[in-house]
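J.: Below: one structure in structure tokens.
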Amino acid sequence: MVFYKYSGSGNDFLITQSFKKKDFSNLAKQVCHRHEGFGADGLVVVLPSKDYDYEWDFYNSDGSKAGMCGNASRCVGLFAYQHAIAPKEHVFLAGKREISIRIEEPNIIESNLGNYKILDTIPALRCKKFFTNDSVLENILTFYLIDTGVPHLVGFVKNKKLLNSLNTLELRALRHEFNANINIAFIENKETIFLQTYERGVEDFTLACGTGMAAVFIASHIFYNTPKKAILIPKSNESLELSLKNDGIFYKGAVRYIGMSVLGSVFENGCF
């Protein structure tokens, strides 16, 4: 079994093909492990589709499945084109979402996330019990729960330096309380937003999270009146352009092909 490793906005993914749909949860945990496997934020299994150029099953590094991953969608789009699975402009199925891909330059990929849903606005008082003394989150008045394929809780701080002082235990508690990824962001100006994401499945801060960047983008646009196009800068410092077109969210940014790996003794460890 051959795996191709790609990176987008600091997220890295292993991509493989299968002609048969089955549970790859154990395989994902094994191959994504940073010390005992190849190491990646997630596993993408590309599958044939009758109605689309292809479809995928996406697994987080802990083996859990997710319907959508924004940065992985751009990576798999480039993979599909480079391996003659699909043309430069194509559509694939991610869970129940149709994802369109457009390759603008050799490594600049645009993908659409589709529609979003504002699930709730949450007064910070509901979250105070999770904060430690002198928490950097204490000055956040409102959190926003937004579904961009997966649920995200978004809060904005007033000082960029606070993004480097976030408490992992606080964010982990919020993650379990709301069963959502946690995003803390700072709006530097109307078109530039910095953020940090504590991600489900990774259970820690992640270098980037495409759906999290989308949730921050939407929250800033709706509640802070930022424009319909902005640059989002995650922990990796690899920026991503997000835009809103006809109520759909679009990503555009660079994707890198890293290399290829071949599965060996992992079969002996009970992955299947």
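Here the Cβ of each residue, glycine as well, is placed from N, Cα and C on the backbone.
Taken from Swiss-Prot, the feature active site, proton donor covers C69. Swiss-Prot lists C209 with the feature active site, proton acceptor, giving sequence analysis as the kind of evidence. Positions annotated as substrate binding site by Swiss-Prot, on the basis of sequence analysis: N11, N60, G70, N71, N181, E199, R200, G210, T211.
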J.: Looking at the binding-site residues N11, N181, R200, T211, whose Cα is closest in space to that of C69 (active site, proton donor)?
T.: T211
J.: What other residues of this chain sit with their CB within 8 A of the center of the CB atoms of N11, N60, G70, N71, N181, E199, R200, G210, T211, the recorded substrate site?
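T.: Here the nearby residues are D41, G42, A66, C69, A72, V150, T197, G201, T206, A208, C209, G212.
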J.: Across all protein chains in the structure, which of the binding-site residues N11, N181, T211 has the highest Cβ count within 10 Å?
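T.: Checking each of N11, N181, T211, the winner is T211.
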J.: Measuring Cα to Cα, tell me the gap between G70 (substrate binding site) and C209 (active site, proton acceptor) in whole angstrom.
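T.: Approximately 7 Å lies between the Cα of G70 (substrate binding site) and that of C209 (active site, proton acceptor).
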J.: List the same-chain residues at least 6 positions away in sequence whose Cβ sits under 8 Å from the Cβ of R200 (substrate binding site), in sequence order, or say none.
T.: N60, S64, V150, R175, N179, A180, N181
